[in-house]
Amino acid sequence: MSMQVILAQALLGLNVGVFYAMLSLGLAVIFGLLNIINFAHGAMYMLGAFIALIGYSLLEQWFGISLQIGFWASLLVAPVIVGILGVLIERLMLKRLYELDHIYGLLLTFGITLILQGLFANYFNVSGTPYPGQPEALSGVVNLGFMYFPTYRLFAIVFSLVVCFATWWVIEHTKLGSRLRAGVENPDLTQAFGLNVPLMVTLTFAFGAGLAGLAGVLAAPIYSVSPLMGADLIIVVFAVVVIGGMGSIMGAILSGLALGLVEGLTKVFYPPAASTVIFFLMVLVLLFRPAGLFGKEK
Amino acid sequence: MTNRILFVLMLVAGLTAPLFAYPVFVMDLLCFALFACAFNLLLGYAGLLSFGHAAFFGGAAYITGYVTKEWGFTPLLGILAGAGFAMVLGAAFGFLAIRRQGIYFAMVTLALAQIIYFLALQMPFTGGENGLQGIPRGHLFGLIDLNNSLTMYYFVFAIFVIGFGIIYRTINSPFGEVLQAIRENESRALSLGYDVDHFKLLAFVISATLAGLAGATKAIIFQFAALTSAHWQTSGEVILMTLVGGLGTVFGPVVGAILVGALSHELSAFGSWVQVILGTIFVVCVMVFRRGIIGELQRLVSRKQG
């Protein structure tokens, strides 16, 4: 097997990995402050992709608005819309469940997933609709020296990495981040110091949701946009989160990237196992390091 | 006392159901009811949310289908083989999943179940997306022809009653009491000297086995092991059934399975709207109806008495 094939698959794997990283980062940020797992994270990723698709090609046909939201604008518009949906979900529903067992949060967001998925399945083909709005500047391929790689995919990798590490930096190295970490550590005490913890919770949930929406927009030109695109992904991301442990932000990012890479390389060496390799790695981690690679057991 | 009356009512309803309903449809509901009861044993009594029970339900269906079709097992033996497979799988999954708690437990079971789903999709004997077809109903004990749908019905009803009985006995045993103690306060149960992990694992295995029993029976009824039985959406459906009927109540899952099953059947013409409606019921249940139908009824009765 030539080195080129392996490198190519590794890069494609990294491309999947950045989506895992963005989603598991969002899950980890939300889990840190709210102690719930957002099952709807996959549905929000799907929603992001659909907002980009509808904004580009269906606004006139559906709503009679002669406006086209291009790819670059979608990168801003979709996360904002998904974030607003996140605010609504948190304020109207999740907020009332904090006193209860955390599994109710999971069940609620599972119900929301079914609703979102079902709604889009009514209007769009389950096998997927291609997103036509990939910008001209990002079409074609770039010569990386050892291979030609699609420009758009390279852009998606770099862009996602920047977003992930910027998030990490904000949380670990800014005043805002230190307040957030205080809220994670001890919400009651943080509130007593005069910080508005409920608002922080809402905005954190909205931010995590927006991150999922952003990942959806980035994924739209690569994969076809389909109502089921988030559901299949989110279960893998759950396994990523179990492997990484949700104790650290950097852990969530790194395990996402690494597992995408592993999945990509499995495609080269033993293709049938590509869809299950992450789950088997999860089994190994549970056997030998149950708290996860970067995890602290709560 | 109330339970005894309800049990007799359920028996009468079950025995007479073929008189006024389509037997195959009722058999389908019975399988889901048993599946939900098995799931409830775990979530309702031990407080463990498994998001991967479709693996046992669907996995057992494939094994039963394979051994009856390819190896000529009789239906009863085939069903036992399916349930036995679910038991072994349950032991393995349970062993791994109880290493994490709460929300992680749910994620681990979901991810493990996805392995079974992909195996069902990719292994050579499973028929991929079409599922395993042409499973023979065969003859019970080599004598009684199960192709007659009424005979089949009473066979399935007997399996349901046995499965339900096992769950009822489990809940109302010292073992069941310990499970509920773990659900209420795990650290206290541990400090009282109970080997918590041991109890959790055993509960998981019993639940998985009975979920497998339900799935195996379904494969014989429909002569078909469907890929959707192993899909995570099936795991979600069984949660919904249990939640609607009443978490941690004896008859709740049965009521929930009948309601959700009948609803999905009635609405099947509406395509994806079914999903939207089920999702909405899910949200409503979690927000304002967490006791479920039987749970709310019990509360009303006890309030009247108190």
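Glycine too: its Cβ is placed from the backbone N, Cα and C atoms.
Quick look at what TrEMBL lists:
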type	residues	note
TRANSMEM	B:31-64	transmembrane segment
TRANSMEM	B:76-97	transmembrane segment
TRANSMEM	B:103-121	transmembrane segment
TRANSMEM	B:152-171	transmembrane segment
TRANSMEM	B:201-226	transmembrane segment
TRANSMEM	B:238-264	transmembrane segment
TRANSMEM	B:270-289	transmembrane segment
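Between the transmembrane segment (B:152-171) and the stretches B:76-97, B:201-226, B:238-264, B:270-289, it is B:201-226 that has the most C-beta pairs under 8 angstroms. Cβ atoms under 8 Å from those of the transmembrane segment (B:238-264) belong to residues 3, 6, 10, 28-29, 32-33, 35-37, 39-40, 43-45, 49, 51, 53-54, 57, 164, 168, 171, 211, 274, 277-278, 281-282, 285-286, 289-296, 298 of the same chain, restricted to positions at least 6 beyond its ends. Proximity of distant same-chain residues to the transmembrane segment (B:31-64), defined by a Cβ-Cβ separation under 8 Å and at least 6 residues beyond the stretch ends, is recorded for 78-79, 81-83, 85-86, 89-90, 93, 97-98, 105-107, 109-117, 120, 126, 132, 135, 156, 159-160, 163-164, 167, 170-171, 176, 179-180, 182-184, 199-200, 203-204, 206-221, 225-239, 241-242, 245, 247-249, 252-254, 256-258, 260-261. Among B:76-97, B:103-121, B:270-289, B:76-97 has the largest number of CB pairs under 8 A with the transmembrane segment (B:201-226).
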